[in-house]
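To start, the structure under review is shown below, and the notes come after it.
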Amino acid sequence: MTVNIAILGFGTVGTGLPTLISENKEKLSKILDEEIVISKVLMRDEKAIEKARAQGYQYDFVLTLEEILADSEISIVVELMGRIEPAKTYITKVIKAGKNVVTANKDLLAVHGTELRALAEKHHVALYYEAAVAGGIPILRTLANSFSSDKITHLLGILNGTSNFMMTKMSEEAWTYDQSLAKAQELGYAESDPTNDVDGIDASYKLAILSEFAFGMTLSPDQISKSGLRTIQKTDVEIAQQFGYVLKLTGEINEVESGIFAEVSPTFLPKSHPLASVNGVMNAVFIESDGIGDSMFYGAGAGQKPTATSVLADIVRIVKREKDGTIGKSFNEYARPTSLANPHDIVNKYYFSVETPDSTGQLLRLVELFTSEDVSFEQVLQQKGDGHRAVVVIISHQINRVQLLAIQDKLKEEVDFKLLNYFKVLGD
C-alpha cells in the first residue's frame, strides 16, 4: 500500500522532504503500514526541471497544477512555494478537489488562514501547518493536544531566527545593527530586503497563528502591535546588560480579564529568564499556564531538515486520520470569540532613553513630565553629557498602555526632550 503525495515547490525544504522520507522509510512503514511515495512535483518552468534532473532527482516533474488535481491517486499535496500568491490560489483548488494539504506558509495562514480552514472543513479534508511556526519545534500540535486540558495565560517567544542572530551579535560581540544585519545577509539568514525579519512582521505572522492554538482566538496581523530592531543602538544593549537584562526581539500574548493583547517588540529580559539564553538562529516558546505552570519549547526555527521534519509529521498525522475516519477534523479544535484587551489592563515596566539639554534642572523637568502621568521610576541613570546634550535612561515601575502612549506624546511635544528609544521590560 502506498500514500501518494505531490509537492508544490522544490526549493530548500522541498528537496529536503524526499531525503527525510527515505531516511525514515523503515520507521514510517512500521507506523503507517504504508509507503509514502512522491508522485508529482510542480516546478515553475522547464529550466527548473532540467536543473533538478541534473542534480539527480528523477520525479515526475510537472508544470501545471491541473496535472496534480487530475491524478486521483494523489491524496496529499504539500505546498512549499512560500508567499501568499500563487500559493493561496493553488491551495484553494487543491482543497476543492478533495485533497489534503500540508503547508509551511506562515504568511498565507496569518492573512487567509480563517478562510482556508473553513474551506477545508467544508470539503472534509485536512489543512495542517505545523512547520509554519518555529520550524522544527512541534509547538502547534503540542498546544492543540498537550495543553487541551490547561488554561494558558501568557505566551512569550523568540520566533524569528534572523533577528535573534542579530541581537545575539549585538549583545555578545558589541556589534552595531548594521554590522549584524550585513553578517546575517552574508550567511543567508536575511534577505536583501530584510523588512519582514527586522521590523517584526515575520514574528507577527507566527504570533497570529499561535494565538489560535494557545488562546482559541483569531488575530489578524494588523491587530498585533509591532516594533523592530532598526532603532536599537549599542548603548541600549550595553545599558540592558548593566541593569541585568538581555535585549531580545520577542512575540508576546497576554490574556487578562478583558481579552488578549499581542505584541512583537524588543524586550529587556532578565538574564535569569529561560529565553535570555536562546541565542543565534534558535527559536523558543515560553508558556505560563494554570495547570502545568512554566514550560519552554526550544529548537531550530528554520532550516531544511527541521522544517521538513515538521512537514513530514503532518503527512503522517493525515494518513493516521484517514485510517481512523477523522480526516475532516480541524488541526486546531479550540475556538472562541476574539476579545481584545482594554489598554488600561495591559501593564509592564518600560525602558526609556531620553536626550535632554545638559543643564541644571532638566532632570527635574523630565521627572515632572513622567509623574504627571502617574509614572514612577525603578531605576534612573544619567549618562555624562557633552555640555550641550545628555541622555537620561529610565526604567519605570509598572504602567499601562494608556500611560505609555501619553508619555510618548508628551515627550514629542517637548522641544527640549527627544525620546531615543523605549522598550518593554519583563520581570518583577
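Each residue's number is its place along the chain shown, starting with 1.
Every residue, even glycine, has its Cβ placed from backbone N, Cα and C.
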Listed in Swiss-Prot for the NADP(+) site shared with Val13, Arg44, Lys106, Gly188, Glu191, one of Gly291, Gly293, Gly299, Gly303:
Gly303
Sparsest-packed among the binding-site residues, when each Cβ's other Cβ atoms within 10 Å are tallied, from Val13, Val133:
Val13
Can you tell me the CA-to-CA distance separating Glu130 (Na(+) binding site) and Glu191 (NADP(+) binding site), as a whole number of Å?
23
For Lys106 (NADPH binding site), which of the listed binding-site residues (Ile137, Gly188, Glu191) have their CA atom within 10 A of its CA?
none
Looking only at C-alpha atoms, tell me how far Gly135 (Na(+) binding site) is from Gly188 (NADP(+) binding site), rounded to the nearest Å.
16
